[in-house]
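Going by Swiss-Prot, these are the annotated features:
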- 48, 51, 55, 83: [4Fe-4S] cluster binding site (BINDING)
- 85, 152, 177, 181, 214-221, 245-249, 264-266, 374, 378, 484, 510-511, 533, 560, 718-727, 802, 819: Mo-bis(molybdopterin guanine dinucleotide) binding site (BINDING)
- 794: substrate binding site (BINDING)
- 41-97: domain '4Fe-4S Mo/W bis-MGD-type' (DOMAIN)
- 1-29: signal peptide (SIGNAL)
């Protein structure tokens, strides 16, 4: 072994120390001390695998394994910091129960719905899958097959899945788990601005004078961003932090003003603030007159339940997202009932506190950053709440300038970059296009080299609807990738599990671990994780980041995109397209979906020589497939306000915020001088709308679908904790994180506990008409609910708390409300 001078000195020092201790140090031990090619750790960059913050980490690999990670000091997002989960990223891929081979339910050597999971080859797995898909497509058509994806998919994985489903199988029945976390944010952006994703960026943290958290525990869910708020608050005494929530949590520890409100009453609070702005002559008339229109939303729209549900039948305008033009005077009249007294009565927040909050929005000299996560999004009126907060910023002109920013925080690493931008929702296409728009379908068909009429015009089944259709036998072949919906989704017992175990259905789950969802499937496919593949994520501030594959995958695992693309080889075009479509493209006869979708002269145009040596997918397919998928996808957004840089550029930087025009990223959208798409002389240009004007939309307070009653007398709120991410598939396999928080607890007010004869640590039964769970009571600790409400996190697979949640959704976004349902609690004898 060749040794450097530094290594020689270190080795001699070690030998001297050993001699003093009376120890003889063998020559073979020197490589424990000396640096060499064999012992060196190789470092490369990658975005974190967890939340939507988009921290960059340095990944240390040695002997084909990830052995260490650290915060990337060159990253503008996290500036070298990680949260506790990020510091243990090196361990997420090496759980003892990592799946390494396909598993098929079999009995007597054949597939059987009630059989035992048995290892099979990939060929066998795909043979069975293809047989089921072809039979379903032949007998029941494209609407009988579906896919449930993820905001954790890489950009390329989501894009490949969209192409296979919407162009190949001609089914729009593809939806991401981002439906459960970001759908209301999407619809809110589209209604108000005509284009998706935040206009601000993380630079706003260093400019704002007031932060308002509307249902977001950033201290635990976005801790790295919370450090930036903390630094701003502690470094600038005039800065104020406001936290609104239905229970006390760690973000309140920094708050200057905390507001505990009754569930659903945030609607009343936001309307009061708008009324306060008007009554106190704080409207920025120059901005409002030049850049906004006033609209009235249709009300009494139901709760996204099944059509035969009594609440849905009762709604006068079920599922309607219609709006009508109104004048400012009509808007003023619509918010006038929301006096401080009325808002206090509805919300439980004192009048003086409400006025304190309203003054910060009304003060023209106070830059306000509004932030929200699941507290606002997982809400049966989540879209309305988005609009109501945008109203406050539009009325005052506090938008799209440094420190003035309504900002939706994402929970998954690529809920923006993949679910939203790629368009993996049942109604969307890339770059904010939708399947219902014939012009948009024509654009997609042109980019994809498909005959006119390939993409269906009717939106597919959204996430909650997919569960219902599986249960009803309408949806029969279903592929779940990169999510654990059997644990994460609502109403498990009544709507989801029956569909998975319906004997008419064939369920495939692609995952790295045997999750609750995988255990309910018929076929489980082992999946590559994080830096076992090359990929790209898009974070909450529109920052696209890419990474190289850095280690080989475990066992026979493959990336989600490899699985999708390889599966496409099993289908001839004649198997899936009708004759009238084939007649428009006779050149495709006899070709596979792989030939048409992925070997199309675009995806395969970048040679293998451009890829790194360690790139399993590229070597398998024979070309630089990640670059090909990315560049074809990027064609949708370039020149249309979603411009991405060339793929190779992203490997050289710590991400870029789109639109990227002439090599320059965009920090603040819609603002002249910052956004290249804002017209000269406009000041602000909300170009997502045809006339460049944003909408101020009036929406009232409406009660939730269920309220506590004599039998079910407590509110239940579900959510997350710092140490675990979502359902804990990764974090619960990290020993340090598991030991820190091994179990989900029921956080409860001590007086509610005493009234039921309960003490801290007692095991209780939480129940309602949909199910029951056993959990231990916690009357202290980080989360402190008010009387009448309990909080239980959903990371614990042994406590499937979401079985208690009603599958009510926002009728406009189809996003489930996980934050409020009635339950009762009894002590386990």
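Using the three backbone atoms N, Cα and C, a Cβ is placed for every residue, glycine included.
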Other C-beta atoms that fall within 10 angstroms of the C-beta of residue 533 (Mo-bis(molybdopterin guanine dinucleotide) binding site): 27
DSSP-derived class (H/G/I helix, E/B strand, else coil) of residue 248 (Mo-bis(molybdopterin guanine dinucleotide) binding site): strand
Model confidence over the domain '4Fe-4S Mo/W bis-MGD-type' (41-97) (mean pLDDT, whole number): 98
Residue 721 (Mo-bis(molybdopterin guanine dinucleotide) binding site): nearby binding-site residues from 48, 83, 794, Cα cut-off 10 Å: 794
Cβ neighbours within the same chain of residue 374 (Mo-bis(molybdopterin guanine dinucleotide) binding site) - under 8 Å, at least six residues apart: 181, 215, 216, 411, 719, 818, 819
Cα-to-Cα gap, residue 248 (Mo-bis(molybdopterin guanine dinucleotide) binding site) vs residue 51 ([4Fe-4S] cluster binding site), nearest whole Å: 22
Cα within 10 Å of residue 220 (Mo-bis(molybdopterin guanine dinucleotide) binding site) - qualifying binding-site residues among 48, 51, 55: none
Among 48, 51, 55, 83, 533, which are recorded as binding-site residues, the nearest neighbour of residue 794 (substrate binding site) by Cα: 51
Rounded to the nearest Å - Cα separation of residue 726 (Mo-bis(molybdopterin guanine dinucleotide) binding site) and residue 51 ([4Fe-4S] cluster binding site): 9
Rounded Cα-Cα span from residue 83 ([4Fe-4S] cluster binding site) to residue 533 (Mo-bis(molybdopterin guanine dinucleotide) binding site), Å: 23
Distance from residue 85 (Mo-bis(molybdopterin guanine dinucleotide) binding site) back to residue 55 ([4Fe-4S] cluster binding site), taken between C-alpha atoms, in Å: 11
Coarse DSSP state, helix versus strand versus coil, of residue 374 (Mo-bis(molybdopterin guanine dinucleotide) binding site): helix
